[in-house]
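Worksheet: the structure to be examined is printed underneath.
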Amino acid sequence: MEWSLTQNKLLAFHRLMRTDKPIGALLLLWPTLWALWVATPGVPQLWILAVFVAGVWLMRAAGCVVNDYADRKFDGHVKRTANRPLPSGAVTEKEARTLFVVLVALSFLLVLTLNTMTILLSIAALALAWVYPFMKRYTHLPQVVLGAAFGWSIPMAFAAVSESVPLSCWLMFLANILWAVAYDTQYAMVDRDDDLKIGIKSTAILFGRHDKLIIGILQIAVLALMALIGWLNGLGWGYYWSVLVAGALFVYQQKLIVGREREACFKAFMNNNYVGLVLFLGLAMSYVG
């Protein structure tokens with residue numbers, strides 16, 4: 001009986017950390033890898049790469065825990081989230097807080113093996129991860145904070161490799177914020193009706209009937225910034241082909257969301273994993289060439 005209870009609790013923690021849904025971790029991982037490859041340039045040191053890959057998964061899990069903790073009073077009123085561990089009672093509030101602290105502590109232990117500049121930047125990463133889930137109560141732009149949280153690994157990666165945060169770093173950071181606003185608006189379009197009922201704010205609500213147009217403008221800006229980064233770093237034509245492929249994926253996403261159906265919007269959101277992957281492959285091949 002004790003093993004059954006323990007097993008159920010571990011499964012609940014597993015769901016709370018979203019380890020069964022890796023899309024969020026992947027959307028956090030790709031910009032991190034972009035930054036490491038550009039900052040090096042090429043293949044980064046194995047230990048630095050390992051620290052950032054592990055840190056991505058740990059902090060994404062921590063972000064999911066604090067997000068569900070912040071939304072625990074709302075999730076029970078939304079069909080898609082009603083069965084999450086906190087509103088369903090599978091995990092207590094105290095257990096969620098403890099799990100968050102453990103995940104953050106493990107992440108910080110990894111960062112302590114890097115240089116001082118990276119350690120100091122990690123404090124801001126923690127603040128962004130904690131603040132983001134609460135922003136949707138006060139502003140229609142929580143996706144901007146999400147983009148900053150998901151992109152803060154970019155200056156950390158540059159700092160870890162070169163102890164500097166050059167122009168390319170901040171252009172990539174900006175590109176990631178715009179990308180995150182675009183894809184998380186697609187995600188928010190799935191829950192727009194429910195969010196309106198319970199008073200949750202989002203860019204999907206703010207943009208209203210202009211949502212598709214604004215997403216398109218953001219996507220074009222992302223492509224322009226990534227092309228500029230390629231030019232500043234002297235990357236080869238293979239990289240620019242990857243930017244074009246990413247653009248084709250954005251066009252496909254626009255076709256998906258044209259009718260604003262929930263499943264299609266979610267599919268468009270998920271497709272962004274391929275955008276991140278394609279851009280990383282373009283970077284990697286450019287440095288190999």
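Cβ from N, Cα, C; glycine included.
Annotated transmembrane segment per Swiss-Prot: 23-43 (among others), in sequence order, evidence recorded as sequence analysis. The list of residues near the transmembrane segment (23-43) in space but at least 6 beyond its ends in sequence, with Cβ under 8 angstroms from a Cβ of it, reads 49, 52-53, 56-57, 59-61, 63-64, 150-151, 153-155, 157-158, 160-162, 168-169, 172, 176, 179-180, 183, 229, 233, 269-270, 272-273, 275-277, 279-280, 283-284, 287-288.
The feature transmembrane segment is assigned by Swiss-Prot to 46-66 (among others), with sequence analysis given as support.
Here the transmembrane segment (99-119) has long-range neighbours at 13, 16-17, 47-48, 51, 54-55, 58-59, 61-62, 65-66, 69, 91, 126, 129, 156, 159-160, 163, meaning same-chain residues at least 6 beyond its ends whose C-beta is under 8 angstroms from one of its own. According to Swiss-Prot, the transmembrane segment annotation covers 99-119 (among others).
Under 8 Å from some Cβ of the transmembrane segment (141-161) lie the Cβ atoms of residues 27-28, 31-32, 34-36, 39-40, 44-45, 48, 51-52, 55-56, 63, 111, 114-115, 117-118, 121-122, 124-125, 128-129, 131-132, 135, 169-170, 172-173, 176-181, 184-185, 188, 201-203, 206, all in the same chain and six or more residues away from its ends. The feature transmembrane segment is assigned by Swiss-Prot to 141-161 (among others), with sequence analysis given as support.
Among the features that Swiss-Prot reports, transmembrane segment is placed at 163-183 (among others), with the record citing sequence analysis.
Residues annotated as transmembrane segment in Swiss-Prot, with sequence analysis given as evidence: 213-233 (among others). If one looks beyond the transmembrane segment (213-233) by at least 6 residues along the same chain, the residues whose Cβ comes under 8 Å of a Cβ in the stretch are 38, 41, 167-168, 171-172, 174-175, 178-179, 181-182, 185-186, 203, 207, 239-240, 243, 246-247, 250, 253-254, 257, 279, 286.
Residues 186, 212, 215-216, 219-220, 222-223, 226-227, 268, 271-272, 274-275, 278-279, 281-283, 285-287, 289 of the same chain lie 6+ residues outside the transmembrane segment (234-254) yet bring a C-beta within less than 8 angstroms of a C-beta in it. Residues or ranges marked as transmembrane segment by Swiss-Prot on the basis of sequence analysis: 234-254 (among others).
For 268-288 (among others), the entry in Swiss-Prot reads transmembrane segment, with the evidence type sequence analysis.
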